[in-house]
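See below for the structure under consideration.
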Amino acid sequence: MTVTVEPSITTGPIAGSSKAYREVAGPDGVTLRVPLRRVHLSTGADFDLYDTSGPYTDPNAVIDLAVGLPARPGLVRDRGTQLQRARAGEITAEMAFIAAREGMSAELVRDEVALGRAVIPANHNHPESEPMVIGKAFAVKVNANIGNSAVTSSIAEEVDKMVWATRWGADTIMDLSTGKNIHETREWILRNSPVPVGTVPIYQALEKVKGDPTELTWELYRDTVIEQCEQGVDYMTVHAGVLLRYVPLTAKRVTGIVSRGGSIMAAWCLAHHRESFLYTNFEELCDILARYDVTFSLGDGLRPGSIADANDAAQFAELRTLGELTKIAKAHGVQVMIEGPGHVPMHKIVENVRLEEELCEEAPFYTLGPLATDIAPAYDHITSAIGAAIIAQAGTAMLCYVTPKEHLGLPDRKDVKDGVIAYKIAAHAGDLAKGHPHAQERDNALSQARFEFRWNDQFALSLDPDTAREYHDETLPAEPAKTAHFCSMCGPKFCSMRITQDVRDYAAKHGLDSEEAIEAALEAGMAEKSAEFADHGNRVYLPITQ
């Protein structure tokens, strides 16, 4: 590492929980330590959660950013890609690790990878990463974009954002740096990232030619890809589907080509009036990525950047080409996922998933949102989380977060957290709707804590314990309020859950805590009213008494 950096990062357990590990047996006698976040409930029970924070939440870990994180056990460099090994029937250490993490069988993980419906982004040269899987049979994942720009940010800030994003649940990180020290920034992130790291190599290639797309060459791009593979990048966005003949299809769009990589390649194609060098050299690119087991993230360079442009001819023409490239990559043993839009109104979202599955052999779909409306700058983490939840339910495997700063500026630390939390909500909502076998367990645990007024347990089980506690304590800060049977919204007399508990307590006190007892009580009450009616002469109407 050639640049001196002293990042300030957040470490230590998340409130109400501790770092724990589950030991599982891996291949070749290797013991794997699978991380989890263990929530300690006031009932004395523990509740374990999927954890992406790496050693940064482990108080026993020694963190030295200049040295980087330790290598994972069981790493094998010379047996081919995860796809090739899965096809050969091998359950790798990464697959065994993932199976324990997801609560699934290792054979299911192997089978989904072998079929190309799931990917394990795990470059041989990124041993610091904890293995994870992206595929629709598993929990929906969330990616957080970080990276500097030519205008602002530093290496220290981007390392801090990486640690901060993974603390709150980012499953992967993309370093989209376009400013100074791109190589050094990526090196610091990779050596300290507990999750897979993705990049868009064309950005660094463009920086090497001083920002002039027309000066790009295949040789320059190829060398940049090799440089990043050597560093340990786990997956790469490659806009190989932007073809010369597709560029005119964007001419009448409201927002044209909004992908940075897509616009760079479109400019090169038009300047040279030749087919994209990413497309014409794709097989050589496959050979390079296969050597390191780097996963393709085939970029949607012609994605719609506005509601008006959703699902148009340009977008779907590129998707068909991505389907063609998917087959080529898999034939070379390279794992593939497909990037998707973008800006899409709700009623057009599912069509994107179904077409991607049809054209791309069900390769994992990785989508940016999509934003369901264009009218809310500063709130696009919300407009996009709406679309993200819908597309996750339909089968998207990973969601690329959008922050409140989208379309406005480079996100800071707070924006990163807001984006991650919004997308963890969307991903979890998608898992619930898909019927993921473990998704509802957390909802049930939190709902039970809510009904029993176990406030500290509610905070600890939530996606953001700090903010949940902060909001509660704004109006009821005293410690006894953590056991009170109300909050400041309804107060003690109008709390529906307290009233329901009172009703249940009354029922239990009077022996009405079973269906049979309630039925008997109803019959007794009806008999009492029948007798009262007879006592009044069986008259329907009685005289009014003063």
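Cβ atoms here come from the backbone N, Cα and C positions, even for glycine.
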Among TYR56, TYR203, TYR423 - the residue Swiss-Prot places in the same substrate site as ASN145, MET174, HIS239, SER259, ARG260, GLY261, ASP300, GLY301, LEU302, ARG303, GLU339, TYR366: TYR203
Show which residues of the chain containing SER259 (substrate binding site), separated from it by at least 6 in sequence, have their CB under 8 Å from its CB. HIS239, GLY299, ASP300, GLY301, LEU302, ARG303, GLY305
Can you give me the same-chain residues 6 or more apart in sequence from TYR366 (substrate binding site) with a CB-CB distance under 8 Å? ILE134, ASN143, SER297, MET337, ILE338, GLU339, GLY340, THR396, ALA397, MET398, LEU399, CYS400
Would you give the longest CA-CA distance, in whole angstrom, between residues of ASN145, MET174, TYR203, HIS239, SER259, ARG260, GLY261, ASP300, GLY301, LEU302, ARG303, GLU339, TYR366, the set recorded as binding substrate? 20
TYR203 (substrate binding site) falls, by three-state DSSP, under helix
If you count the other CB atoms within 10 A of the CB of ASN145 (substrate binding site), including all protein chains displayed, you should get 23
Of all the binding-site residues given, namely ASN145, TYR203, GLY261, which is spatially nearest to HIS407 (Zn(2+) binding site) at the Cα level? ASN145
